[in-house]
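As written in TrEMBL, here are the features:
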{"type": "TRANSMEM", "residues": "93-113", "note": "transmembrane segment"}
{"type": "TRANSMEM", "residues": "125-144", "note": "transmembrane segment"}
{"type": "TRANSMEM", "residues": "184-208", "note": "transmembrane segment"}
{"type": "TRANSMEM", "residues": "217-235", "note": "transmembrane segment"}
{"type": "TRANSMEM", "residues": "289-308", "note": "transmembrane segment"}
{"type": "TRANSMEM", "residues": "320-340", "note": "transmembrane segment"}
{"type": "TRANSMEM", "residues": "400-418", "note": "transmembrane segment"}
Amino acid sequence: MIPDHLFDEGIDNSLLHKDMKHLQHKTIYDRTQKDYEQEQRDLLSSQDGDTCEIHDQFYRDHKLLLVLFRALAVMPITRSRPGTITFSWTSSATIYAICFYILITVIVLNVGYERIMILRSIRKFDDYIYAILFIVFLVPHFWIPFVGWGVAHQVAIYKTNWGKFQVRYYKVTGENLKFPNLKLSIMIISVGCLLLAVCFLLSLYALLDGFLLRHTIAYLHIITMINMNCALWYINCKGIKIASQSLSECFRRDVDIECSAKLISRYRYLWLNLSELLQSLGNAYARTYSTYCLFMFFNITIAIYGALSEIVDHGFGFSFKEVGLFVDAVYCSALLFIFADCSHKSTLTVAAGVVDTLMSIDVLSVDRPTQKEIDHFIQAIEMNPAVVSLKGYAHVNRELLTSAVSMIAIYLIVLLQFKISLPKDLQIPS
């Protein structure tokens, strides 16, 4: 995050340019009033917690989502003081998360033991691969301390930076950043995540052999957590997208009124702050969504292989088992698509509107300092591309989907070739 003093110095340096022009059709009072309001906004500090609390609309809108993650014992971050989200190993939220996790772990271990016993009794290769699927669904539970609590400090910093950005947005644009219908969307999505998890598990229970109803107790927390992680990523990307669109609209509006070096410079620093916020999203959640993608890749591969194997053995007369496996594959594919697609759309929006406005400016009609600021803005966009990267391991966009499809296809070909080469009566030794 750009330090507050550097941000203020950056936008204040533009005052050295002698580019203040008199606006046509404006009275002296209007110009003075506008300058006075700008001076008052410039006195605000994004390091002040009370100021951030006033302008942090994004936190107020998606507070419910953070509360649900605390309830699930996945991300025990709290609003310990105004304008600041923190994580502490000794906080009540973390202590609750540890106790809740231990309780769920006992249930998961009991179910996992039963699944392993069933796995050890299987002899056929296809049934062995099929039984692994039930165990794979239990694995994300044991990742929680690493991908949830382990990144909570970075996530807390990222969430706090949202408040700082909104203060700076108000200082530059004169408007508070708003997120229309975001709170309602989060309420619907949160309820939908739980209902979707229940429906998914009930469908697997009805369609897949060996999926016992009492086992769904262990899987419910895991599937709900997976759904909520997808929802959290979607909401964060949507917040970035709304902020980008609002910044672009305000930039175009102010450029139409007065295109000056001071104005271009202020928006350049604000855009850099937004671009950095987008990049810090991927860095903060790198562990969480790296494991999330690995789980989805593995699950989709096993589910599709199981379904294709059934088709190879019994023809195209679909059984409940095949349908259940396809439901699993489609479900995980849909979550993976949402994860990659919303990131792709957000990155496209961050620079698009600002670039359109910069390209629409007639550089011959503005003075030399303004032309230089336009060049600096364009260079800043080129040097700081808006991308979501999981700490450099992968870029989250639609290319991730094509890479996933190719990788899954390769593994499916290998598994199917291995199956075809096996004798019909081959058994897995105990």
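Glycine too: its Cβ is placed from the backbone N, Cα and C atoms.
For the transmembrane segment (320-340), the neighbouring stretch richest in Cβ pairs under 8 Å, chosen from 93-113, 125-144, 184-208, 217-235, is 184-208. Contact check: the transmembrane segment (93-113) against the transmembrane segment (400-418) gives fewer than three Cβ pairs closer than 8 Å, residues 6 or more apart, which falls short of the contact criterion.
Outside the transmembrane segment (184-208) by six or more residues, the chain places 61-62, 64-65, 68, 216, 219-220, 223-224, 227-228, 230-231, 234-235, 238, 320-321, 323-325, 327-328, 331 with a CB less than 8 A from a CB of the stretch. Taking Cβ pairs closer than 8 Å, the transmembrane segment (125-144) reaches residues 73-74, 101, 104-105, 108, 111-112, 115-116, 118-119, 210-211, 215, 218-219, 221-223, 225-226, 291, 295, 298-299, 302-303, 305-306, 309-310, 313, 321, 325, 328, 415, 419, 422, 426, 428 in its own chain, all 6 or more past its ends.
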